[in-house]
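If you check TrEMBL, you get these features:
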- Lys10: active site (ACT_SITE)
- Asp135: active site (ACT_SITE)
- Pro93, Gln94, Gly95, Gly96, Gly97, Ile98, Gly99, Gly100, Gly101, Ser102, Ser103: ATP binding site (BINDING)
- 65-142: domain 'GHMP kinase N-terminal' (DOMAIN)
- 194-269: domain 'GHMP kinase C-terminal' (DOMAIN)
Amino acid sequence: MILQLPAPAKLNLILRILGRRADGYHELQTLFQLLDFGDLLTFETRDQGELTVDAGALEIPQQDNLIYRAARLLQERTGCTLGAHIRLQKNLPQGGGIGGGSSDAATTLLGLNHLWQCHLTIDELADFGAQLGADVPVFVRGRTAWAEGIGEKLTPVITEPQYYLVLVPNCAVSTAAVFGDPRLTRDSTAITLAALREGQPGDIRLDSDWLEQSSGNDCQALVETLYPEIRAAREWLQQFAKAQLTGTGACVFAAFDSAQAANDALAKLPPKWSGFVAAGVQESPTHRQLAKTAPAT
Ligand SMILES: C[C@](O)(CO)[C@H](O)COP(=O)(O)OP(=O)(O)OC[C@H]1O[C@@H](n2ccc(N)nc2=O)[C@H](O)[C@@H]1O
Ligand SMILES: Nc1ncnc2c1ncn2[C@@H]1O[C@H](COP(=O)(O)OP(=O)(O)OP(=O)(O)O)[C@@H](O)[C@H]1O
């Protein structure tokens, strides 16, 4: 049986670092905005337990690929004797801060749970995801969300519809190196969302005025010192709208009210950089696609 599923990108519209835990991981608060643009994965079930990943031009040994690691973890934890061949169409830049590898891992957990009929719950899959990386659970849960802890405590939120122009500078940033740098500021005060819930039934709605005041990325100053090209890309984008780093970079982004305005800015992009326009979404395209998919037999 064959199943094709998207693996969307995310942006960190807010990234605040509150402190460092004894294990080296950082307590943070971040607003994960899911996008309607990403990688594409094709899963083909195998009767024998063998797992293979065709990652195209992505130069990573198979056993290190988060797709392979997610599939292996699911096999080990469920005792499933089925295997799979998984093909990756890589559209997202590597080390871009837009969660490409994490999203591939989440789509693998969701896709194989469906194909292999493991019947795991989203909570169980999100727990497995957290073992693969701090950004995996948000993609497993598939909602634009406010995150706390090391990124695993998720509260779904509703953001205003926006189009994002994402620029890809010519450098890949190591997340571990940024978090390990003594110059990183780690003392932001925590934001509380509870006040925003007052009088609102259902999910918290974050309006653009609140976002304007609260946005910012605590990694940005350090990353721009380490990679002047990232500062140059952000400053170029800043001529159109407030521009910011996502995650630990390298990508920078700005929000626009229409796809037309975002594409007009993209058309002026200097040839040394690439970029893309994507809409912000509340629900992951992976979940939307799975909801339309017939049960595996
Ligand atoms: C910065 C973000 O991209 C924001 O979305 C993520 O929190 C990073 O998520 P990720 O790439 O899935 O992170 P992981 O693969 O779990 O960790 C990569 C490295 O980042 C550091 N790390 C990550 C998350 C976190 N809350 N604190 C950390 O200190 C750790 O040194 C770790 O070795
Ligand atoms: N399927 C995959 N796609 C991309 N990177 C992968 C994959 N599997 C493993 N990796 C490794 O994960 C690292 C992070 O890649 P990724 O593209 O997810 O970075 P990122 O966009 O900065 O993510 P994040 O925002 O979650 O930190 C890369 O250095 C790469 O070696």
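Glycine too: its Cβ is placed from the backbone N, Cα and C atoms.
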Residues satisfying Cβ distance under 8 Å from Lys10 (active site), sequence separation of at least 6: Phe32, Gln33, Leu34, Leu35, Ile98, Gly99, Ser103, Asp135, Val138, Phe139, Thr246
Cβ under 6 Å from ligand 1: qualifying recorded positions of Lys10, Pro93, Gly95, Gly101, Asp135: Asp135
Residue with minimal Cβ packing [other Cβ atoms within 10 Å] among the binding-site residues Gly95, Ser103: Gly95
Recorded positions compared (Pro93, Gly97, Gly99, Gly101, Asp135) - the one with the fewest other Cβ atoms within 10 Å: Pro93
Sequence-ordered binding-site residues from Pro93, Gly97, Gly101, Ser103 with Cβ under 6 Å of an atom of ligand 2: Gly97, Gly101
Confidence summary for the domain 'GHMP kinase N-terminal' (65-142), mean pLDDT rounded: 97
Secondary structure content, the domain 'GHMP kinase N-terminal' (65-142) (per DSSP, counts of residues): 46 helix, 7 strand, 25 coil
